[in-house]
Amino acid sequence: MSCESPSSAKKFNLERASNFMRQFRDPDSRELKKLSANQFMEVWSHYDRDGNGYIEGTELDGFLREFVSSANFTDISPDAVSDSMLVELKACFMEAYDDNQDGKIDIRELAQLLPMEENFLLLFRFDNPLESSVEFMKIWREYDTDGSGYIEADELKNFLRDLLKEAKKINDVSEDKLIEYTDTMLQVFDSNKDGRLQLSEMAKLLPVKENFLCRQVFKGATKLTKDDIERVFSLYDRDNNGSIENEELRGFLKDLLELVKKDYDAQDLLEFEETILQGVEYSSEGKISRKQLTMILLALAKHNQEEEVSTP
């Protein structure tokens, strides 16, 4: 694992001038204090310096150095954490907190590390990810009440209120606190800073257990079997009526779209739907059958296989 060079570490430290994490520790015990929603956002924004939604590379090195050195009773410099210590520390830290093993820390992973207000922490839904994108699309339709294709601040507030109701915590949260939570969630997940959440941004707030289409079997490494097709069909045909339609279809297309596009909105999904469904014998009723699903998945596997071959 490569570590920060002494020169970049020096630059990192000069920019800071002091250890940002020390203010969040108890001066007597050096334990981390419970962070409010706003304080958590401060920490996140401070270390995600390029605003790309991850703490990674030199950002992660800087965070780890400051996180560890801030626990000392004397105000030592983050540079006191040597490069060799950092390598070992990073390995242990990532094993414990990098849930998806992508080598970087996202907002939900940081939320597991830092002590936070219990009610705010609930909104990250660690223990209850959605079963599939079908459930995600149902929630999207329910809260995009004006049908704009975005979740605006008032719609997000309603969503967070209902989450806290579901957890029987709404009585612990004042209206002002709910507004603070809404503002913080918007700051955290609104990547393009337009004051609302598009589909891909809401998908980070409401994660799905797994995008089934990311599995190796769909990447052209092996031939698709009848069982593979059946598994995918049953995953999206939630009402078992023999066709994929409405939110089931939107959920399937959202998972497909995520394979080719990181940032997407409702309009992208609509255009993608038109493109994908033009290639199959698509009924005007807005449904796809097993046969049509098979055609789409075979085309996906073939496309992935061709990409692997063309990639040097």
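From the backbone N, Cα and C atoms, a Cβ is placed for every residue, glycine too.
The structure displayed is predicted, hence computed values, not measured ones.
Annotated features, as they stand in TrEMBL:
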type: DOMAIN; residues: 35-70; note: domain 'EF-hand'
type: DOMAIN; residues: 84-120; note: domain 'EF-hand'
type: DOMAIN; residues: 131-166; note: domain 'EF-hand'
type: DOMAIN; residues: 177-212; note: domain 'EF-hand'
type: DOMAIN; residues: 224-259; note: domain 'EF-hand'
Statement: Outside the domain 'EF-hand' (224-259), at least 6 residues beyond either end, the same-chain residues with a Cβ under 8 Å of its Cβ set are 132-138, 141, 199-200, 203, 211-214, 217-218, 268-269, 272-273, 276, 285-290, 293-294, 296-298, 300-301
Same-chain residues near the domain 'EF-hand' (35-70), Cβ under 8 Å, at least 6 residues beyond its ends: 3-4, 8-9, 12, 16, 19-22, 24-25, 76-81, 86, 89-90, 93, 103-107, 110-111, 114-117, 120, 180-181, 184, 187-188, 191, 204
Same-chain residue ranges lying at least 6 outside the domain 'EF-hand' (177-212) that approach it to Cβ under 8 Å: 36-38, 40-41, 44-45, 51, 53, 106-108, 119-120, 123, 125, 129-133, 135-136, 139-140, 149-153, 156-157, 160-161, 164, 231-232, 235, 254-255, 258-259, 261-266, 268-269
Query: With DSSP helix as H/G/I and strand as E/B, how many residues of the domain 'EF-hand' (224-259) fall in helix, strand and coil?
result: 24 helix, 2 strand, 10 coil
Query: Reported in the order helix, strand, coil, what are the DSSP residue counts of the domain 'EF-hand' (177-212)?
result: 21 helix, 3 strand, 12 coil
- prompt: For the domain 'EF-hand' (84-120), DSSP counts of helix, strand and coil?
  reply: 24 helix, 2 strand, 11 coil
